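Each remark here refers to the structure printed beneath this line.
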């Protein structure tokens, strides 16, 4: 039995279990089921017994001729042919040539059991011709079809074999491949991991390209952000037209029309720069979106800072006995230019040393590639935001200190409120930006740009537009200066 199992394994046959019983037990079992052994005795089993007996007779003859020893010379001399035409001899190891007749037990029409020869095995024949079998003559008990003799069914593509502990290798479980792995052959022993930018299909039989994700103009979120950006820029342009049409009125003059127009222009750029964050990231768009954002917001904050200084100086200069010098228009323009140029230098250093570049992020999600703009240098990115934050903080401090100016000259109050909104938006932006996944990171940045721009537009210019359009009786020099003088006294 042990030799058979070893030989079977060499031939690729897997034995799930085996049972050994003695010849007497087997004979008793057969005698209980079948009572007619005439066919058995006439089969090749009887012929094999006869052939072995004949061989033993020759061996004994050889032994008597040679003397107390059965040596190899006697074995070598055994060589004869039976009356059925079968040749009997022993090889150098003393083993007889293996010859077997493969029989199938079948029940005839009369109910009798008979043995039908369905094949032969003869080791004396050349390789490839030693075994022959006729499948058509086989009758399977209770089933006309060939039964399967397997411990486990084959594992289909998309699964792999997992060995069952305590069982032979032919007994296994079929485990579905994990996400990102495939098997495209039957009875695969392991699943193959897909390449970095590929992912498994639903059946786990093929690696397909991962879906590339970025914020587009066509999706709902992109459309909404684009609409808000365009509407904000349009409202800002409309505010500029209103100020231009009523430029000679006291409220426009009192708010420094030149700085107001420059601030409105920078706000239009702030609204429109958010559009550069939408669409497929490229080398140019990645550099453009961050640099334009940084410069336009620096210009915007510079204008607000200059307006705040002008408001404070104008009120203090109107007080009798005050020695505060008026801030001239060239000096205002110079301050805005200098504050903006500092941001330009920061952005130029950022772009030249470690510019933002498009990046295919495969670490965040397993089934898709996030196409994003890598900032290149985190120091450059946070330096741009930090400078804008510094300008806004200066604006807030100056406006807060001047918040108690006369009611009709309440520019400082509006600036204070706009800076509160601006700072609240960007302080909230930092944790939201860091924790937002994929394209939502870009959406958070766009929302912060639009929200802070809207806060500046509505807080600073909406009250003035309301007075210009709906309360023209308050848009007089007497109304503005009268209350201001009364407050100063």
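Placement of Cβ uses the backbone N, Cα and C atoms for every residue, glycine included.
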Range annotated as transmembrane segment in TrEMBL, from 334-353, 354-373: 334-353
Beyond the flanks of the transmembrane segment (379-402) by 6 or more, those residues with Cβ under 8 Å of it: 290, 293-294, 297-298, 301-302, 304-305, 308-309, 311-312, 315, 339, 342-343, 346-347, 349-350, 353-354, 356, 412-413, 415-416, 419-420, 422-423, 426
Within-chain partners of the transmembrane segment (446-469) [C-beta distance under 8 Å, separation at least 6 from its ends]: 225, 228-229, 232, 235-236, 239, 242-243, 246, 249, 251-252, 255, 260, 263-264, 267, 270-271, 273-274, 277-278, 293, 297, 300, 304, 410-411, 414-415, 417-418, 421-422, 425-426, 428-429, 433, 475
